[in-house]
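Q: As listed in TrEMBL for this protein:
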- 24-40: transmembrane segment (TRANSMEM)
- 52-69: transmembrane segment (TRANSMEM)
- 98-116: transmembrane segment (TRANSMEM)
- 122-149: transmembrane segment (TRANSMEM)
- 161-183: transmembrane segment (TRANSMEM)
- 214-232: transmembrane segment (TRANSMEM)
Amino acid sequence: MDEVEGVVNGTLDYTQLKGDTGPLVYPAGFVYIFLVFYYMTDHGTNIRLAQYLFAGLYLTTLFLVFRIYSRTNKVPPYVFFFMCCASYRIHSIFILRLFNDPVAMAILFLAINLFLEDQWSWGCFCFSLAVSVKMNILLFAPGLLYLLLWRFGLLRAIPKLAICAILQVVLGLPFLVVNPAGYLTRSFDLGRQFLFRWTVNWRLLPEEIFQHRAFHLALLVAHLAALGLFALNRWHRSDESILSLLKDPSERKAPPQRPQVVFALFTSNFIGICFSRSLHYQFYVWYFHTLPYLLWCTPPKTLPQLLRVLILGLIELSWNTYPSTVYSSAALHVCHGIILLQLWYGTASSLDSQKEKQPLKKAE
């Protein structure tokens, strides 16, 4: 409320916008949405009404997530109990803390629903709107780029990408006119240093390593390598090179199998989470609602059902440990590693079974 109140008072220089928690470091979409909250809650003083608004946002998010899961048909119904009722931290992020992270994720889940309905232009619009609230949504961008190239090829994907770019310019225009460098460096600061005291995932390291640029570079390299491996071997399902995606779909010799939209987007985001420089407590909402899919999208033989539930519980315990400890951080990394490995090996077995079926179809 302090940060957006500066805009109300006429300050459009992003470097001058700040509040009690520090400078404004979110894109312009955050400002507009929280300005609405500002006026609806009597300039931020009616906290109870704000909590009711976020309770509505929470239920809306669940509706959008359930709609996605109903299309995938991967997760057993009992798992939704854990999603709705078992996370103290998620309820805190929504109802007690009133962070912008849930706002961004709700818009993102709306975009994914639109992608599933083949409404790619509106989906890209909502995706860009979510980015304008908080740029963690960019973790989904590699998966989205792959899907756009699969669906449209390079030339026809450009207009969809233009929708994303133009919306960012339009939303940021009042601030770009006043101080373009200030707006871009504050709202899209990819090199921002995080405080060691708030980290959930890297408490097991000494602070000197946590803050070292070489460590950050190593994480970036690992992140890009993992994305490349998944894009080449798990998202792309065709005998042709992945470069064939640059062609128009009608010109491809062997059209790639329809990719799993949710799988590409959720794994893209999860890989970013695994190699994140730091995870703060409110960041849990970045992937909490995707965890059931990530754990249950592989065949039953990949992981026992009880182990999948146990992993959910350990992740929740890690995020509820404050301050984080060496053991909570280590447990979180172990759980992330198991999920990543089962996504890699579990989906490989499904791909092999699909390849085995193709010669049979040709013979028939």
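Just so you know, glycine gets a Cβ as well, placed from its N, Cα and C.
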Q: Which residues, given as numbers and ranges, are at least 6 beyond the ends of the transmembrane segment (161-183) yet have a Cβ under 8 Å from it?
A: 12-15, 27-29, 32, 121, 124-125, 127-129, 131-132, 145, 148
Q: For the transmembrane segment (24-40), find every same-chain residue at least 6 residues outside the stretch whose CB is under 8 Å from a CB in it, and list them.
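A: Same-chain residues near the transmembrane segment (24-40) but 6 or more away: 1, 3-8, 14, 17-18, 49-50, 53, 100, 103, 129-135, 168, 171-172, 174-175, 183, 186-189, 192.
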Q: What residues in the same chain, six or more past the boundaries of the transmembrane segment (98-116), come closer than 8 Å to it by Cβ-Cβ distance?
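A: For the transmembrane segment (98-116), the far contacts come to 26, 30, 33-34, 50-51, 54, 57-58, 60-61, 64-65, 67-68, 71, 122-127, 129-131, 133-134, 136-137, 140, 144, 147, 261-262, 265, 282-283, 285-286, 289.
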Q: Restricting to the same chain and to residues at least six past its boundaries, which positions have a Cβ under 8 Å from a Cβ of the transmembrane segment (214-232)?
A: 142, 146, 205, 242, 267-268, 271-272, 274-277, 340, 343-344
